[in-house]
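One structure below.
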Amino acid sequence: MSLSKKLTLDKLDVRGKRVIMRVDFNVPMKKNQITNNQRIKASIPSIKYCLDNGAKAVVLMSHLGRPDGVPMPDKYSLQPVAAELKSLLGKDVLFLKDCVGAEVENACANPAPGSVILLENLRFHVEEEGKGQDPSGKKIKAEPDKIEGFRASLSKLGDVYVNDAFGTAHRAHSSMVGVNLPHKASGFLMKKELDYFAKALENPVRPFLAILGGAKVADKIQLIKNMLDKVNEMIIGGGMAYTFLKVLNNMEIGASLFDEEGAKIVKDIMTKAQKNGVRITFPVDFVTADKFDENAQVGKATVASGIPPGWMGLDCGPESNKNHAQVVAQARLIVWNGPLGVFEWDAFAKGTKALMDEIVKATSKGCITIIGGGDTATCCAKWNTEDKVSHVSTGGGASLELLEGKILPGVEALSNM
């Protein structure tokens, strides 16, 4: 699957056409009020481009929350999003109370030129995800012919299809892969994601550094193995470093995280790194705690001293930070996925914050820096560095699967150039 050869919105003829666009309006809500409109704001350039280039209408579809295939308009309706969209676009948005069916098809058949239409939550229908559960908790499964009907109805709502929902690209849901139109393009958000991941995965400048943090080795095996085929350098930190250090250095790790499953493949990983000539940097010192608590008593340890029984490592220490700074300074391309410590708590945030500062510095000197979604993106928001790195991915699961070398169904479904 080539990321850089997919049809993009700027190459799509939208004049006089109805554009059906899959967006990600899965925004946080409190009592039907949107608490963060970032995802809605992010979709505006793609919507505006269609309108400015003479599209007859833009029909928007999205999911919100996890209604599991059951209509829950009181809890998960997209209606509040229509109001927010209206204020951001400065024009009326027609909200429809469903996303498929005869009424919706009629409303979208011949809309007034320049219309913006928002459909109700896709996941009110079990046919979107293929499975769900009813209010009693019983599992429900969509019937194949109903899935086909659902997809056929969505396909009637537009003449061309645009997908701007990278965060859901790793899911083979109906709205991601089932709209049957001849031209299927990525929107500008999706395009930016694909452009940056193509830079890392298809044609990397070197030296290329991957920084991998997070808790469990087992969760990151596929990621580590795939990246070892691509990179020159790797930093392994976070909770999973303790498993490596215990296996490789026989380090005493006290009550730190230890991953039994992951421990079995540590030696394989090191053999592969050696074979590929990849240098892996591990932490050499640690900030420790006497319990997993924000206000725990804080101590310090090194690989040589070990971590005493009952204590746990929750961050890397100053020597590790110096080592990381040296490795980062040499790189021309960096992909970072996973924090180096419990960054949510100030006492254990220094390692991740020090690394972030070095990444920002490297970016200002021309290094390409890509932050995988999820917790690492949260770090960027916390320290206000989103515009000080090259790219912060909007998709945690989707970016992880790309870096693992998997094919994303939502990207594969797009037309090739």
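Even glycines carry a Cβ here, placed using N, Cα and C.
Swiss-Prot names ALA215, ALA218, ASP219 for binding Mg(2+). Of ASP68, ASP74, ASP357, ASP375, the residue it gives for the same site is ASP375.
Site annotation (Swiss-Prot): CDP is bound by GLY214, ASP219, GLY338, PHE343, and the candidate from GLY238, GLY317 recorded at this site is GLY238. Across the fold, the C-alpha of THR376 (ATP binding site) and the C-alpha of GLY338 (CDP binding site) stand 5 Å from each other. Cβ neighbours within 10 Å of GLN38 ((2R)-3-phosphoglycerate binding site), excluding its own Cβ and spanning all shown chains: 12.
Here HIS170 ((2R)-3-phosphoglycerate binding site) is positioned 20 angstrom away from ALA218 (Mg(2+) binding site), judged by their C-alpha atoms.
Residue environment of GLY65 ((2R)-3-phosphoglycerate binding site) contains 15 other Cβ atoms, counted within 10 Å of its Cβ in all protein chains.
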